[in-house]
Amino acid sequence: MSELSIAYIFQNQQLLVDQNLQLPKVEKLASDLLFNSGDQVIARDLKEDEVIPEGFQLVPIRQLITQWSIQEFEQASRALQLLEWRRNHRFCSHCGQKTDAHATEYCMVCPDCGYHQYPRIQPCVITIITKGRDQLLLAKSVRQKTMYGLIAGFVEVGETLEQAVARETLEEVGVKVKNVRYLSSQPWPFPSNLMLAFHAEYESGDIQLQEEEIQDAQFFHFEQLPEIPHEGSIAYRMIMHITQGQTL
Ligand SMILES: [Zn+2]
């Protein structure tokens, strides 16, 4: 009998786990995505019409952020992103031919023109902006009812990360920042982002909202914060780091 593999089995950003949020062990299939080569770990898509095994459930991966360690969540998010990438690159984007999976790398190869398609990551900057020693800029997006978050957005082609921080801040809340410094990063599988966290200081300007995106933004005193993003998100860790001195 072959050794069983630990499996990340997904259906639409939901992961198959047992009642204790443990991953299932399965027999490996040829179609499985090998995960962490050498280990007995695989990733697999669960088809819509497949039966969920007895004692297991599908849990939205977002929900696991608060219940798993950062390392466990990042492993699961890596599995999810690799499966999505493989599903979205079944054909060559250059010539349209059906692709093959590379034998040893995460790469879909075109047998006709040789074009290689690797997993893509979208870099996103997220910035905590402070004013003086004890104030922090938080913004409420138009999609939120009560929660205030940090300024964030995608890095554009040809831009440095620092330029992206300055542009997003100016666009969303109309202020200029200075002393932009890198803090940390977090892979964010919705769908395939890499969040790059920065600290910046307020330089000048009055808050002016980008109304399609932001419904309110204010400088809040560290001791009087509104509702902030949930634990497990990089935004939460950044806010705790700056206001409470916690390690990131
Ligand atoms: Zn091709």
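From the backbone N, Cα and C atoms, a Cβ is placed for every residue, glycine too.
Taken from TrEMBL as is:
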DOMAIN    119-242  domain 'Nudix hydrolase'
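The DSSP breakdown of the domain 'Nudix hydrolase' (119-242) into helical (H, G, I), extended (E, B) and coil residues amounts to 22 helix, 55 strand, 47 coil.
Per-residue confidence over the domain 'Nudix hydrolase' (119-242) averages out at a pLDDT of 96.
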